[in-house]
Amino acid sequence: MQWRSIVVGLVVLRVSLSCVLWLAFGLGPNVSWGFNFHLSFNLHKLDLLFREEKGSHKRSYLSFFDGNKDEYVRRYSSFPDALRAKMKGMAKEMFYFGYDNYMKYAFPEDELNPIDCEGRGPDVLNPSNININDVLGNYSLTLIDTLDTLLVLGNVTEFQRAVKLVIDTVSFDKDSTVQVFEANIRILGSLISAHILLTDPKHPFGKVGFEGYDNELLHLAHDLAVRLLPAFENTSTGIPYPRVNLKTGVPPDSINETCTAGAGSLLVEFGILSRLIGDSTFEWVARRAVRALWNLRSNETGLLGNVVNIQTGQWVGKQSGLGAGMDSFYEYLLKSYILFGEKEDYRMFQAAYESIQNHLRRGRESCNEGEGDPPLYVNVNMFSGEIMNTWIDSLQAFFPGLQVLNGDVDNAICLHAFYYAIWKRFGALPERYNWQLQAPDVLFYPLRPELVESTYLLYQATKNPFYLHVGMDILQSLEKNAKVRCGYATLHHVVDKSKEDRMESFFLSETCKYLYLLFDEDNPLHKSDNKYIFTTEGHVVPIDKRFRDKQWNDLYPCKEGPLAEREPNTRPPLNNISNCNRIPEERRYTLPLKSIYMRQIDHMVGLF
């Protein structure tokens, strides 16, 4: 056992020296890929030590982490039906505890303050408080955002009552300055989704319409979209302003900078609206913005930055990553293709995904085989591909779900496991996590849904009980750490679990919805013959032939040279069910990620 002492000594020396260099001089070990200072140590030297052990067979360094190899299998390899039913019930109770208290204490205001049991609307005394005012428009945000969740939970009666409340009480003729992106995904998307579910009996929840409904939700959606259109005017690039006043248009003091996700994630909702009402305007302006951003990508790397000047087209923020400011841009390239069938969207997504894999992905080549660090996607300079910082943010946890839709389930499994390990350590996801320091950089957690969403989609792709355990861990953590007198509160600090008095609408619209669906195997969404997709705010929309048909000719055809036709042997992921078959049969009954790699990731985030 002398070799083991040598190895442990080298490990301690390596990590200690790395930490000293980092703290004293900011010299992270191999900052171009500093991730390996946590676990890989000096892998080559460790491998040699193992392989040169006298009188033994050759062994990989990874066997050092292979003790108690059945620990993960014992914990995650099964999930009893009774436990699934219990978790489904807990998810349902969680939703109604938040929803009922919103309706009791907050409606018609936008959000619930769950600690003080009061409503919250825009901060009219401080217009510069964009953290609040970008989202809250004095239009009963939480009620609107939650409409289709009521149907997912099977509550047709409350859904119909809520729809009537929206019709009777909501108006967008308000002196409210809101972010175009937030109004689009939370309000416009929900109105469109609820309208489709109300009017089409083919959809999974059956005939949920009621007598006297006259497309009022669609009219509200159209009215809101018209009020958002001024954002696209008087911009040299076609990229929209970030904010509009719902009464007066773009504020005179509006800035000329916007983020890539905010400007480039409007196409799903605007496109569906255009195809429902037969007016190309909304899809045209949204698609023009996507093309304008795409044309600004780096010639060297194919990457985009995260903040752009809408008048000059110059990149103000040159960071390229998968989190805040960029996330849903990539998401909507793929989802727009799935919904509308426009080949241009998929070609852009293919090219973007290739650039992401080439420049953002670090770690070993295969998720579930080989040696080295597990795959992780880092923030890089869009022009050089060099790492800009050593943190990732919680919004990036959506990306495994997008990889599932793209058929890249293997990479999705590994990235999801990394975020789950962070959750296990803190009982929440810090807004930013520094993978080099193994510590949060930004400590709050506003009940975000991204990890739950990816967990749900990975379960649908693999049916592996591991993901039910992940969902149970998340559900129980929320119950333990976020539940307060009248709802669920934002965690101000993921370590000490102190709270902020805010329950964002996406907690009911997405977090609770995905948790419930994860455990509800017999949900109509899962049993329907039709296919559905979720918007970036978790709203249910059908993959429907009528969204593939346009009542107009293209007024702005794509002239982008690099968007050449795909090679004949590449196929768009129209049916993600077939892509799920890429998971080898034998792996569906074992852990999605081998125990040795799970232990490696857990170690990297400081779990042991």
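Glycine too: its Cβ is placed from the backbone N, Cα and C atoms.
Taken verbatim from TrEMBL:
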- Glu182: active site, proton donor (ACT_SITE)
- Asp327: active site (ACT_SITE)
- Glu431: active site, proton donor (ACT_SITE)
- Glu450: active site (ACT_SITE)
- Thr536: Ca(2+) binding site (BINDING)
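What TrEMBL annotates, mapped onto the structure for a quick look.
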| residue | record | contacts (Cβ under 8 Å, 6+ apart) |
| --- | --- | --- |
| Glu182 | active site, proton donor | Asp134, Val135 |
| Asp327 | active site | Ala261, Leu395, Gln396, Phe398, Phe399, Thr536 |
| Glu431 | active site, proton donor | Asp393, Ser394, Pro440, Val442, Leu443, Phe444, Tyr445, Pro446 |
| Glu450 | active site | Ser394, Leu395, Gln396, Ala397, Phe398, Gly401, Leu429 |
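Around Thr536 (Ca(2+) binding site), a 10 Å sphere centred on its CB holds 26 further CB atoms from the protein chains shown.
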